[in-house]
Each structure stands twice: as C-alpha cells, then as structure tokens.
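Structure, as structure tokens:
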Amino acid sequence: MNMSQKMAAEFLGTLWLVLGGCGSAVLAAAFPEVGIGLLGVSLAFGLTVLTMAFAIGHISGCHLNPAVSFGLWAGGRFPTSELLPYIIAQVAGGIAGAGVLYLIASGQEGFSLAAGFASNGFGEHSPGGYSMISVMICEIVMTLFFLLVILGSTDERAPKGFAPIAIGLCLTLIHLISIPISNTSVNPARSTGPALFVGDWAVSQLWLFWAAPIIGAILAGVIYRYFNAAK
C-alpha cells in the first residue's frame with residue numbers, strides 16, 4: 001500500500017472511532033431516559049476499533065491513534081518516516097468525525113456544546129471531579145497497558161486472527177475504568193476533535209490528552225523491547 005492509501009484508511013478509521021465512540025456518548029448514553037450508559041459507551045469504543053481492525057488492518061495497520069503510532073514506533077514496529085503522515089491523517093479524521101457528530105447532534109432541539117460533547121477533562125471538567133495529577137496518571141497507565149496488548153497481540157508469535165478482539169476488548173475495559181476519571185482519552189486524535197468544537201476549557205486542557213497517552217505509549221514500547229531482548 002502507498003502512503004496516500006494508508007493515510008486515507010487512517011482518516012476514515014479515526015472518523016469512525018470518534019463518530020461511533022463519542023457519538024454513542026453524545027447521542028445514546030442517556031436516551032431515552034436511561035440510555036446505553038457507561039457500559040454501552042465503553043462497548044461502542046471497543047467495537048469501533050474491532051470493526052475497523054478487520055476493515056483496514058491490512059491496509060494501514062489500523063492505528064487510529066497517534067499514541068498507538070508512537071508506541072509501535074518506540075517498540076521498533078513502525079518506521080519514523082511514516083509517523084507524521086499517520087498522525088496528520090488521524091487528527092484530521094478525529095476532527096471530521098466530531099464534525100459529522102456535531103451536524104447530527106445539533107439537529108436536536110436543546111442540544112448544546114456546553115454539555116461537553118464527549119470532551120476529556122480534569123478538575124471540574126472530569127466526570128468524577130478528579131485532579132489533573134489523577135487524570136495524568138490514569139491516562140499514562142491506561143495507554144501503557146493498551147499498547148502492551150496491541151504490541152503483544154500483533155506479535156508474530158501470538159495466535160493469529162485474535163488481535164482485533166483482544167484490542168477491542170482492552171479498549172472497552174479501559175473505558176469502563178476511566179470514563180469516570182477523564183472521560184477516557186488514551187487517544188490524542190479522539191480528544192482533539194470534540195475539544196475543537198467545544199473550545200474554551202476543552203482546548204486549554206487538551207495538552208494533557210496529548211502528553212499522557214504518548215508518554216504511556218512510549219513506555220509500553222520500551223517495555224516491549226525489553227521483553228524481546230530477553231528472548
């Protein structure tokens with residue numbers, strides 16, 4: 001596959017992740033009165049990755065996440081030359097996904113971006129009121145384990161064909177743990193799209209949801225290299 005094909009796949013895949021994951025939170029979490037709730041939103045995020053892994057995994061590897069690209073790079077599984085193009089495509093896809101979601105959601109009477117639009121936050125903008133430090137630790141640790149699952153399940157020595165399931169279930173588990181803490185990022189592209197529409201506090205806090213996932217991902221890549229060095 002050439003780079004334009006890979007970038008197109010990453011763009012569409014990340015658009016689907018934001019539309020499916022954030023869309024479930026914005027459109028369905030509290031509908032009609034009970035809605036799908038935390039469990040449903042968590043499953044939605046996992047399902048977006050699982051479905052796209054089968055759809056575009058053979059084209060781009062289905063990163064859909066700058067942290068995943070950084071983690072694979074740190075683990076020696078992704079070339080430096082492709083890092084920036086992938087991240088550009090992922091961020092563009094995240095913004096486009098948020099744009100499609102906004103076009104849909106804004107058609108409902110009473111819709112307001114003030115409700116958060118599935119943005120990530122800390123302090124008063126954390127769903128559970130968690131501090132910046134708590135959110136930082138959570139995002140680093142969650143992304144670290146996410147990347148360990150990705151690196152391990154896609155290793156040539158791992159059982160074939162099960163990686164999308166393991167990765168999708170891992171992302172679901174991560175959301176079950178961390179939605180109350182940070183609204184769950186582990187993905188700078190997922191955070192960027194909604195934040196740009198909300199503006200204000202969501203943009204001012206966006207730095208954490210770039211820094212923490214990338215730190216966690218790189219740590220996972222280093223750990224993965226250590227495991228392989230022991231072979």
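A Cβ is built for glycine as well, from the same backbone N, Cα and C atoms used for every other residue.
Listed in Swiss-Prot for this protein:
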- Cys22: site 'Involved in tetramerization or stability of the tetramer' (SITE)
- Phe45: site 'Selectivity filter' (SITE)
- His175: site 'Selectivity filter' (SITE)
- Thr184: site 'Selectivity filter' (SITE)
- Arg190: site 'Selectivity filter' (SITE)
- 11-31: transmembrane segment (TRANSMEM)
- 36-56: transmembrane segment (TRANSMEM)
- 84-104: transmembrane segment (TRANSMEM)
- 132-152: transmembrane segment (TRANSMEM)
- 161-181: transmembrane segment (TRANSMEM)
- 203-223: transmembrane segment (TRANSMEM)
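With Cβ pairs under 8 Å as the measure, the transmembrane segment (36-56) is packed most heavily against 161-181, out of 84-104, 132-152, 161-181, 203-223. Cys22 (site 'Involved in tetramerization or stability of the tetramer') is 8 Å away from Arg190 (site 'Selectivity filter') when you measure Cα to Cα. Neighbour counts of Cβ atoms within 10 Å were compared for the recorded sites His175, Thr184, Arg190, and the top value is held by Arg190.
Of the recorded residues, Cys22 (site 'Involved in tetramerization or stability of the tetramer') and Phe45 (site 'Selectivity filter') place their C-alpha atoms 8 Å from one another. Here the Cα atom of Thr184 (site 'Selectivity filter') is found 10 Å from that of Phe45 (site 'Selectivity filter'). For the pair formed by Phe45 (site 'Selectivity filter') and His175 (site 'Selectivity filter'), distance between Cα atoms is given as 8 Å, rounded to the nearest Å. Summarising the environment of Phe45 (site 'Selectivity filter'), the number of other Cβ atoms within 10 Å of its Cβ, over all protein chains shown, is 27. Taking all protein chains in view, 27 other C-beta atoms sit within 10 angstroms of the C-beta of Cys22 (site 'Involved in tetramerization or stability of the tetramer').
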